[in-house]
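*Asks:* I have a structure here, written as structure tokens, and I will follow up with some questions on it.
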Number of protein chains: 2
Amino acid sequence: MPALNETHDLNLTSWVASANDAQCDFPIQNLPFAAFRRQGSDEAFRGGVAIGDQIVDLAAAKATGVFSGLAQTAAEACAAPRLNDFMGMGKEAWSALRLALSQALRSGSAAEAQLSACLVAQAEAEYDLPCTIGDYTDFYTSVFHATTVGSLFRPDNPLLPNYKWVPIGYHGRSSSIDVSGQSFHRPKGQTKAPDAAEPSFGPCKRLDYELEMGIYIGKGTDLGDTIALDSADDHVFGLCLFNDWSARDIQAWEYQPLGPFLAKNFASTVSPWIVTTEALAPYRTAWSRDEADPQPLPYLESETNRAEGAIDIQLEVLLESDKMRAEGQGAAKLSESSFVHSYWTVAQMVAHHTVNGCNMKPGDFFGSGTQSGPTHDEAGSMLELSLGGKQPITLANGETRTFLEDGDAVIMRGHCQKEGAARIGFGEVVGTVLPAKA
Amino acid sequence: MPALNETHDLNLTSWVASANDAQCDFPIQNLPFAAFRRQGSDEAFRGGVAIGDQIVDLAAAKATGVFSGLAQTAAEACAAPRLNDFMGMGKEAWSALRLALSQALRSGSAAEAQLSACLVAQAEAEYDLPCTIGDYTDFYTSVFHATTVGSLFRPDNPLLPNYKWVPIGYHGRSSSIDVSGQSFHRPKGQTKAPDAAEPSFGPCKRLDYELEMGIYIGKGTDLGDTIALDSADDHVFGLCLFNDWSARDIQAWEYQPLGPFLAKNFASTVSPWIVTTEALAPYRTAWSRDEADPQPLPYLESETNRAEGAIDIQLEVLLESDKMRAEGQGAAKLSESSFVHSYWTVAQMVAHHTVNGCNMKPGDFFGSGTQSGPTHDEAGSMLELSLGGKQPITLANGETRTFLEDGDAVIMRGHCQKEGAARIGFGEVVGTVLPAKA
């Protein structure tokens with residue numbers, strides 16, 4: 001795994017007591033970034049770092065004198081409403097600020113008095129997108145999702161011949177990406193039933209979620225430059241949870257030959273917190289390719305990628321219906337999966353995306369593609385769980401679903417956990433389906 | 001056609017003498033916008049308007065007192081390095097500035113003394129992107145291109161069943177769009193020959209251009225809002241020329257099932273000048289659909305769109321090779337076409353793109369798709385001209401091409417012209433292929 005340092009030490013505790021709970025997503029070893037302000041205020045959004053159930057307000061912290069040198073410069077960049085400038089500073093600056101925060105937040109730190117005045121409770125915060133997303137690319141890295149969905153869209157040809165050679169990706173829409181809490185009207189569009197002579201127009205009938213990881217580019221590149229596989233960590237600022245809402249009936253009719261369009265660009269939702277590449281270091285793990293499968297071309301192959309290219313992130317999806325909300329029932333779990341199943345690693349996505357010279361800008365965003373696991377109950381979309389809408393699933397309270405209904409909120413959570421390392425949580429991403437506009 | 005006003009009057013002349021040449025792209029009836037500065041200077045880029053062979057520097061002009069009211073507010077917005085704020089102000093502001101410029105630039109205007117001090121010769125200028133392009137969408141609106149290319153990529157299934165119902169589009173990459181003068185290295189990538197067992201990696205062997213119109217969104221919308229067909233003109237700021245460079249061999253191997261990706265995102269080039277929707281009003285013309293074809297669904301159908309949805313823009317593509325450059329030969333014409341052949345109108349693209357609630361931001365950009373005409377010699381790509389690379393084309397100087405070679409510059413020009421209206425030119429877009437990086 002990548003080099004660990006004092007910030008990863010399992011034994012560290014914080015003077016922010018809530019961070020020391022073993023089940024907390026945001027212990028002192030995590031330190032993820034978001035853009036926040038106090039709920040309902042007209043304050044400017046600014047960068048913050050999660051610690052326990054609190055947020056370190058970096059716009060306030062930069063003025064305390066707690067940080068110095070590169071960490072201070074980085075903290076100043078984080079005072080902006082969006083974190084693009086900080087993300088573009090690169091790994092050295094990211095690490096310097098992480099180390100300074102880790103030291104200042106530790107039990108016994110002399111900075112406690114100054115930084116405790118910079119805390120805002122997460123319960124009192126609201127979030128914005130952490131950065132301006134210039135370009136958004138969606139990958140398709142779960143071979144299980146690709147095979148299952150392929151069999152629904154193309155029964156005779158589920159997994160195309162390029163899949164095991166090319167980290168398949170396509171461009172998505174940035175403008176409609178919003179942060180957790182997003183609600184959106186059920187999209188309308190053209191659909192055509194297989195037996196209909198002509199398409200018709202109306203609200204989507206097969207609305208779905210997709211359980212994905214989001215990947216933020218930090219340091220950019222110039223047009224014509226490539227990012228080698230083993231340099232990807234210099235450019236990937238961090239990861240979040242991502243719900244790539246999908247209108248399956250619109251998608252089926254529109255997607256050939258140039259790919260999904262209106263089926264995807266009505267809404268996409270990210271979790272507020274970016275968990276940094278550095279925080280995830282203890283959870284990097286071996287990546288392998290079945291012997292029977294094609295092995296990667298040289299630009300997608302390295303010893304380091306084999307040794308530590310994968311990341312073991314546990315994921316879950318829950319649904320909260322109007323009824324559950326009204327009756328005070330908890331949300332119902334739909335599935336669990338893990339990012340470790342990804343057929344291609346984050347580094348392979350980055351190397352592939354830039355091998356033709358495509359330039360990256362700080363804040364550019366990748367979706368991993370739906371992270372379905374190898375078994376049916378690990379499916380990352382309702383399309384898969386309901387076998388293309390043919391077999392309704394039964395929720396914990398007895399309701400059934402083949403696709404999403406109005407009022408449904410979809411909740412995704414993720415975390416890393418293992419012996420000998422601190423839990424690294426992602427928090428959650430929530431989004432809610434509103435009825436189609438009249 | 002849309003209402004004409006005094007700015008369209010054919011009889012207007014300008015005190016900028018070069019604007020009065022009948023073959024000039026930029027007479028006083030045009031007044032297109034760009035972002036420019038003096039070549040080789042470190043001046044800030046700012047908005048400018050073309051008049052004859054000159055540019056009105058709007059950062060300078062706003063300080064002259066020539067404009068007032070909304071026109072002055074608009075001119076102030078144009079003093080920024082990029083025009084997004086001005087474009088987002090909407091039609092009333094665009095029209096106010098156009099009218100004020102038209103009046104100030106007319107022969108006999110009292111503003112001549114002040115504005116003549118704000119002129120910069122186009123020969124001494126360099127350009128930037130006119131605005132920050134948040135999202136870029138590429139459409140596919142030539143049925144001739146779609147049929148020909150479809151027959152090359154899918155011989156048994158050239159035009160898919162959705163084509164005549166759905167204005168097919170897909171998301172593109174914004175970061176690699178640059179302004180005319182862009183040069184880029186031949187992209188590398190995975191390709192697979194039809195008879196090869198496995199893909200291989202290397203420089204693209206089938207590099208191509210695509211002759212497109214570019215469409216800039218001005219006034220934006222919120223997520224969930226739609227733009228009705230007959231409101232599209234309120235949102236479309238203007239048009240430019242657009243070369244959507246394409247790596248055909250990479251495209252063929254990667255594009256299924258999610259669309260073109262690395263085959264397109266290594267470079268895309270726009271012309272510097274945005275010709276406004278208002279300037280194009282005299283060239284709006286009837287749009288029709290063959291009786292034998294499906295007629296548009298209601299959200300894509302209106303009397304106004306039938307009456308004036310199309311725009312008659314004459315287009316041409318030329319190639320200048322290293323040899324032509326070295327020997328001082330002119331560029332060789334490859335083809336001529338017209339935007340009037342488009343199967344879907346700009347308004348239909350806008351209405352379709354937003355019918356699901358997808359939001360638009362000022363500066364968002366659409367490509368029209370390759371504007372091939374009905375005959376072979378009107379093809380808008382070399383893929384079509386060379387019948388998929390099977391039949392080399394012979395250039396004016398005797399060189400041959402199946403696809404682009406290193407050193408080739410591709411030049412696209414466009415203009416509107418007819419009896420009773422002033423010529424409205426687009427200038428040109430030029431881009432040059434450099435050898436693949438080692």
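Glycine is treated like the rest: Cβ placed from N, Cα and C.
Please treat TrEMBL annotations as automatic predictions, because they have not gone through curation.
According to TrEMBL, the record shows the following:
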- A:H145: active site, proton acceptor (ACT_SITE)
- A:D138, A:E210, A:E212, A:D244: Ca(2+) binding site (BINDING)
- A:Y140, A:R154, A:Q251, A:Y255, A:T370: substrate binding site (BINDING)
- A:D244, A:K264, A:S268: Mg(2+) binding site (BINDING)
- A:29-130: domain 'Fumarylacetoacetase N-terminal' (DOMAIN)
- A:164-431: domain 'Fumarylacetoacetase-like C-terminal' (DOMAIN)
*Asks:* Checking interface proximity: list the binding-site residues among A:E212, A:D244, A:Y255 whose CB sits under 8 Å from a chain B CB, in sequence order.
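*Replies:* Of A:E212, A:D244, A:Y255, the entries that lie near chain B are A:Y255.
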*Asks:* Near A:T370 (substrate binding site), which of the recorded positions A:H145, A:E212, A:D244, A:K264 can be found within 10 Å, Cα to Cα?
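*Replies:* Neighbours among recorded positions, in sequence order: A:H145, A:E212, A:D244.
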*Asks:* Measuring Cα to Cα, tell me the gap between A:K264 (Mg(2+) binding site) and A:R154 (substrate binding site) in whole angstrom.
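*Replies:* Checking the Cα atoms of A:K264 (Mg(2+) binding site) and A:R154 (substrate binding site) gives a distance of 19 Å.
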*Asks:* Please give me the CB contact count at 10 A for A:D138 (Ca(2+) binding site), counting all chains in the structure.
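*Replies:* Other Cβ atoms found within 10 Å: 29.
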*Asks:* Counting other Cβ atoms within 10 Å of each Cβ, which of the recorded positions A:H145, A:R154, A:K264 scores lowest?
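*Replies:* Each of the recorded positions A:H145, A:R154, A:K264 was scored; lowest Cβ tally within 10 Å is A:R154.
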*Asks:* I need the CA-to-CA distance for A:S268 (Mg(2+) binding site) versus A:Q251 (substrate binding site), whole Å please.
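*Replies:* Rounded to a whole number, the Cα-Cα distance is 15 Å.
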*Asks:* Helix, strand or coil: which one is A:Q251 (substrate binding site) in, per DSSP?
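*Replies:* Where A:Q251 (substrate binding site) sits, the three-state DSSP reduction gives helix.
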*Asks:* Name the secondary structure element type, per DSSP in three states, that contains A:H145 (active site, proton acceptor).
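*Replies:* Once the DSSP labels are grouped into three classes, A:H145 (active site, proton acceptor) ends up as helix.
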*Asks:* Expressed to the nearest Å, what is the distance separating A:Y255 (substrate binding site) and A:E212 (Ca(2+) binding site) at their Cα atoms?
*Replies:* 20
*Asks:* Identify all same-chain residues not among A:D244, A:K264, A:S268 whose C-beta atom falls within 8 angstroms of the centroid of the Mg(2+) site's C-beta atoms; report them in sequence order.
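*Replies:* Neighbours within 8 Å of the Cβ centroid, excluding A:D244, A:K264, A:S268: A:D138, A:G172, A:R173, A:S176, A:I177, A:E210, A:N243, A:W245, A:S246, A:N265, A:A267, A:G367.
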*Asks:* Under DSSP, the domain 'Fumarylacetoacetase N-terminal' (A:29-130) has how many residues in helix, strand and coil?
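*Replies:* Summed by class, the stretch gives 41 helix, 24 strand, 37 coil.
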*Asks:* Please report the Cα separation of A:E212 (Ca(2+) binding site) and A:R154 (substrate binding site) in Å, rounded to an integer.
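*Replies:* A:E212 (Ca(2+) binding site) to A:R154 (substrate binding site), Cα-Cα distance: 22 Å.
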*Asks:* Please average pLDDT over the domain 'Fumarylacetoacetase-like C-terminal' (A:164-431) for the predicted structure.
*Replies:* 97
*Asks:* List every residue in the same chain as A:Y140 (substrate binding site), at least 6 positions away in sequence, whose Cβ is under 8 Å from its Cβ.
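*Replies:* Within the chain, A:Y140 (substrate binding site) has Cβ neighbours under 8 Å at A:A146, A:Y163, A:P167, A:I168, A:G169, A:Y170, A:G369, A:T370.
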*Asks:* Across all chains shown, how many C-beta atoms besides its own are within 10 angstroms of the C-beta of A:Y255 (substrate binding site)?
*Replies:* 24
*Asks:* Return the single residue from the binding-site residues list (A:Q251, A:S268, A:T370) that has the minimum number of other CB atoms within 10 Å.
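*Replies:* Relative to the other binding-site residues in A:Q251, A:S268, A:T370, A:Q251 has the fewest Cβ atoms within 10 Å.
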